[in-house]
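Trainee: Pasting in a structure now, in structure tokens, and then I'll have a few things to ask.
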Amino acid sequence: MFRSGNNTGPGPAGIQKTANGTSALTEKYRRNGKLQSCPDANHAQCQPFHRAASAPPLDYQRPPDARRNTGFEGPTSHLSILTETLVALDPEPTGLETLDQQQNIVITNARITQGCSLLSFFKNRSMITHFMAKYYELSEGAEGLVIAPIMKEWLHQLWFVHADTLARQDPVKIRKLSERIWRNTLTPIEFDGNTTAMEYARAGSGLNLRWEVLGLICSNVSFALVETPSSDKIFIDHQVSRVCLIDMMREISEKCLVFCRYCEVLDDMFVWLLVDYSINIQVIKGDRQYATYRASGEAHSAVIALGLHQGTKANKKVPFFMAELRKLTFLAAYFCEISLATSLGRPPRLSYRYCNVEPPLDLSEPEMVQTGTDLAATLASLDDDGYNKAEVLRNTTSIRAYVKYVHRREDVVDLALGQYTRDEVLARAKTIQEKNEAHLASLPPWVREIFMEPLDFSGKDADLKPLVAVRRGALRTGRLSNEILLQRVLIRKAGASSEKLTQAALAVFRDVLQITGRHDIAMRFQASYNVYLCAHGLRSAAIVAIELLKQEMAPQYPENPALPRSQTIQDLAVFASRLAAVDTSDGSYQLCEQGHRVISKILDRILSPQGAAERQRDEAGRSRIDVTQAQPPNGGHGGGDGGEESQGMMAGQMDVDMSLNAIVPPLNPMAMMTDFAGYGMIDTGIGVGAPMSLGHDTDFMAWLQGMNWEPMDNWSM
């Protein structure tokens, strides 16, 4: 049975709880509580948010006393000791309830005014509806944490109850709405095992509208924006620029988080907003910025405080849909953290060693919110391992299949950062490989095939839809990326050979070329496209390029070379041209530019070597590449200054009549747009789905930045 507080009256904004239980109305005003104006103030929808707090303070209803969730406390906490002591005296102890009472939450007139200014954005109903429709069209709802049935009910209730108030923006009515939202946010949502998904959704919208919900709506709009090219007609229709709107969504989400923190909120909606916000920050700033690390850290802290690391089961207190959503929420935070730890070379702040990591069942979103006999029939239709028998690759399929690989990624990070002897490194590496093989063998055959079979869009995979194609690619490259990282640790710490490293890197590199060669993916999933380029492709391309250079500079050219010279040069040239097309506004631009410079330099040395020219001219099959494709306009760049500089630098390095873009022009026309918004290294994004990125760990980035180009005969990984 669903339960919530009295949500029919005006809110308690301005109320301060005192020791004797009475209310004190604050008299503070602030008229300039507005969001930062967006970059292009000439656009109709990009004007600064503002509203004068001209209405006088109103009389507020005092809300019922409500307990606050102060967070999870484990077996070593003081509360645990006190509870155990009371249980020994009374099976149902009382007397600890006051520990989680909320006291002294003050909502001033200034904060009400800030809420009014934020609400001015929601007069743009058609734009919000348009972008939300695009989000679900692109991703099938797989990027954000809020499932489609709940989000659609939120939007329905928002417009059904408040459409006229939001459209007219009457100061008095908007102020009353702001007061109501503050009051609702102060009141915790209560539910039990019988609460349906629609009942839960209605507890956060309509008359019960909360700041968490408004922030999550903006997060979903932002997810659609990062995948939509700036040339899309949708921006012209709504008279807004892409960069401006992305910044606006980030700003509104930040304000909603500030409001929730002030209300001392700690619930599922708040955690969803924190996780979605951290992903958006990574999209905009990249994962090397402290802002990304800080935002993800708060999200992980909230996940732990809510107790999601303990695992969740449906019971009399938690409905089935919420149990599944909590599994997804924890795994989103965990995947993000291990990816960042890999990328930055830092100890992970979440570890499976201290968590009960439960993968979600392989259900679609409509199935997840079923109840009664319908749910029982759906659960019975799954196989013994929790996968769907229809062999449909869903977002939940990817997450369920990839969880164990994330555990092994964490083990590899531990091996790279920990203080282990050579024998310990070898023993732990063997254990990691054995666990990988055991997990692969445990998967259903059709899922195992996804991990094992290379992509072939000219053959068996030609008819794959873009979303399915990038999901398949992410699962396979994620598994191989673990092997690359492990082999690099073995080379550094145990003196292993580079043969297995090269094999894994070449497999990833070929898959990345397949994915980034599809125009439909480039045009539908702009952010995910760049994740493949930088997160999955850059390291493997650099490894392949160096192995090719070592092969070229060998005293005696091998009779059966590991890398075919002509094809490998062409593939590297194609990849470098796509790196060069990444816009300077992208969060991964600097790393892409470094990678482009490294690969260009290596190709330059291979095609015009010093000291081995005579031998190379005499080798069979070493003729120069026949350029058959025309140079694209402007060198294949979208007019960005950074792209033109990279193109000029690359052309100056090539000593033959050939440039990288002349071989094959960039295949991502959308990536050339100057209004492109960056995407960081995490691939919890739309197309990429659950599997994390390969990441560019610290020593690899240092290697890119500190490359010594002179002693070319002593290169090592």
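Quick reminder: no glycine exception, Cβ is built from N, Cα and C everywhere.
Because TrEMBL annotations are produced automatically, they should be read as predictions rather than curated entries.
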Trainee: Among the residue ranges 1-20, 21-40, I'd like the one that TrEMBL describes as region 'Disordered'.
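Mentor: Result: 1-20 is the stretch TrEMBL calls region 'Disordered'.
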Trainee: Just to confirm my parser: what is the rounded mean pLDDT across the domain 'Xylanolytic transcriptional activator regulatory' (292-366)?
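Mentor: Result for the domain 'Xylanolytic transcriptional activator regulatory' (292-366): average pLDDT 95.
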Trainee: Give the residue counts of the domain 'Xylanolytic transcriptional activator regulatory' (292-366) per reduced DSSP state, in the order helix, strand, coil.
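Mentor: Per-class counts: 47 helix, 0 strand, 28 coil.
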